[in-house]
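Database features, via TrEMBL:
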TRANSMEM  41-59  transmembrane segment
TRANSMEM  80-101  transmembrane segment
TRANSMEM  121-147  transmembrane segment
TRANSMEM  159-182  transmembrane segment
TRANSMEM  202-222  transmembrane segment
TRANSMEM  234-252  transmembrane segment
TRANSMEM  272-292  transmembrane segment
TRANSMEM  304-331  transmembrane segment
TRANSMEM  343-360  transmembrane segment
Amino acid sequence: MMRRLWEFDALRGLMLVLMTLTHLPSPLTTPASQPFGYVSAAEGFVLLSAFMAALVYGRKGLRDGAGVMRGALLRRSAKVYLCHLGLMLFAFTLFAGLARYTRQVAATGLLSYYLDAPLTATLAALVLLYTPPLLDILPIYVMFMLISPWLMTWGMRNGWSTILTASVALWFGAQFGLGVWLYETLFQSFGIGVPVSQTGSFALWAWQLLWVIGLWLGAAKAQGQLEVFSIPRSAVRIAWALALAFLSWRHLAGPYPFGMESPLNLLFEKWTLGPLRMINLFALTILIMHHGPALAARIRKPGFLVTLGQSSLTVFCTHLMIVLLALATLGGETEPHDWRVDAPLIALCFAILYGVAWLGQHRQRTRAGAVMPA
């Protein structure tokens, strides 16, 4: 049985902490959104999720066969889809009712399309077309998981060069509006009335590149191809220089690297994963891959982050429900809050997230113990 890699759980836990601080309406929203440069926790979470999926299910495929691997990935896709449905049910009932009652702009604006066309929005949400802000990452996760069995089967048998080349080409097209053009051509021409602005902030054809890279690295790890992780010293030095430059730029210039109105900001665009943003992300990824194993061997296991990371899907869904309730009751980040409200809100949120994660793992351990032979 393979050892569970706590360092990856800790990384996922860190991403969840940063996303929670970013989404909660508090003064920490802006500082937590891109603390390490022009890269957010969302990029790391997607890349790491793909890596872990390929590592876990790739090992299963090597041990039990490609058919078993594909079945396990599809079952995981179904689980994530059910989580998406649960979140949408929560949003369309409790959150929508509370938003109507409090009339907080941050809440009513988030569900504006649903409030205007509830039936169309509900049906579109079922087929992953309507994805309001904050609720738009699980749908792309479902779509990426659905194609992963075939990508991994091909990649692990025939190599990843063809898949990676096609993925880069799609990312390049996304920089010039490929996703919008495809949606308007294929969907709106058939009379689907959901505006493209309501289909999620993330450009699917750009973000698939992160998922494919994560699958490639995870599958390589599963197959024992450790040479993939042997990074030349020159590349590490370049990565350090780039990471420090982007980090300084981010904290000197603020969230808009070229000023608020400059079109050059598209080079760092989050939703389409602009080219400079990708360079920033790759630099950080190289540093983590190079220094991570030695660092993990020296530091004490961060139990809080590991616990969150081991229950990442549950924690992610729970944090969204808490954030939605906070938006409906307290308003958005721009609403004036007293620190006596913000501090307890953040503390209570993380207490709930940790409690949910701990309870979930306790139940898993209990079930595992119950099936152990006497």
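The backbone N, Cα and C atoms fix where each Cβ goes, glycine too.
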Top partner of the transmembrane segment (80-101) among 159-182, 234-252, 304-331 - counted as Cβ pairs under 8 Å: 304-331
Listed stretch, out of 41-59, 159-182, 343-360, that has the most CB pairs under 8 angstroms to the transmembrane segment (202-222): 41-59
For the transmembrane segment (234-252): best-contacting stretch of 121-147, 272-292, 304-331, 343-360, by Cβ pairs under 8 Å: 272-292
Highest-contact recorded stretch vs the transmembrane segment (159-182), from 41-59, 121-147, 272-292, 304-331, 343-360, CB pairs under 8 Å: 272-292
For the transmembrane segment (304-331): best-contacting stretch of 121-147, 272-292, 343-360, by Cβ pairs under 8 Å: 343-360
Within-chain partners of the transmembrane segment (343-360) [C-beta distance under 8 Å, separation at least 6 from its ends]: 16-17, 20-21, 24, 26, 28, 304, 307-308, 310-311, 314-315, 318-319, 322, 326, 330
Positions whose Cβ lies under 8 angstroms from the transmembrane segment (272-292), at least six residues beyond its ends: 7, 11, 36-39, 43-44, 47, 171, 174-175, 203, 206-207, 209-210, 229, 231, 235-236, 238-240, 242-243, 246, 257, 266
